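Enquirer: The structure's right below; bear with me while I get my questions together.
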């Protein structure tokens, strides 16, 4: 990919990020309208505004605290900080903070609202199974997400998914207490609203999945390519993805499904319907693309 193509694709991603965020907010308001009419839409609008505000300013703290991550001081792992510093220099971006997640499953993610306010988190497991070249590939992939501002959109998606779940709970309580604006004179309308609320409660998990899938798989492909160019070794990233996938299938992780799309490899991977609805492209396809890039760079693939 030429520099001009790289910049043009980056501009396209900025537009896509904006459109995706608007779509999430619109989806939330539509669900609020179905559940509670005008009042429901107003509540959904307030929730969306609050969630977006929280996502923008506190997304890194929310996600990191969710997984008990702690910041790694330079003195504890100078080699790791040096790797991130070098990669950030190559990517022409500020060095993000580095966090350790006390999780045995090998994985990593990035969070934050932009290059100047971001963090990269690695699990204990990934530090144990990858060599330094492979780890460079993983960290470069996460820096690519930060540079492309994928992290902000992904975090907004996670918070909107949570808000959708909140609205579903509202519908359940409304049904329980008969608070769906029914009265004796409008039994037909009240019945229709009740059926609509029941259907909404049933399909909310499906909608939450669609929200996650809206985080385009092309973002992962582009982050792989950009990360491989940053670290200079597509083969190392390909090896890392292969190792991580093998361990993810064997080592379970206590991960909130609403944040699964933040990780470099789907931490809930398990085949079947979950594989079909995965927020990530298949590892095999990602490796194939990295191998193609490696050959263009004169490297032998795995």
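From the backbone N, Cα and C atoms, a Cβ is placed for every residue, glycine too.
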Enquirer: With the ranges 195-215, 216-236, 237-257, 258-278 to choose from, which does Swiss-Prot describe as transmembrane segment?
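Expert: Going through 195-215, 216-236, 237-257, 258-278 one by one, Swiss-Prot flags 195-215 as transmembrane segment.
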Enquirer: Swiss-Prot lists transmembrane segment for one of the ranges 6-26, 27-47; which is that range?
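Expert: The listed stretch tagged transmembrane segment in Swiss-Prot is 27-47.
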Enquirer: Identify the transmembrane segment range according to Swiss-Prot, selecting from 151-171, 172-192.
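Expert: It is 151-171 that Swiss-Prot annotates as transmembrane segment.
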Enquirer: Going by a 10 angstroms cut-off between Cβ atoms, which of the recorded positions 142, 220 has the sparsest surroundings?
Expert: 220
Enquirer: What does the structure give for the C-alpha distance between residue 142 (active site) and residue 220 (Zn(2+) binding site)? Integer Å is fine.
Expert: 10
Enquirer: Taking the Cβ of residue 141 (Zn(2+) binding site) as centre, how many other Cβ atoms lie within 10 Å?
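Expert: Counting Cβ neighbours of residue 141 (Zn(2+) binding site) within 10 Å gives 27.
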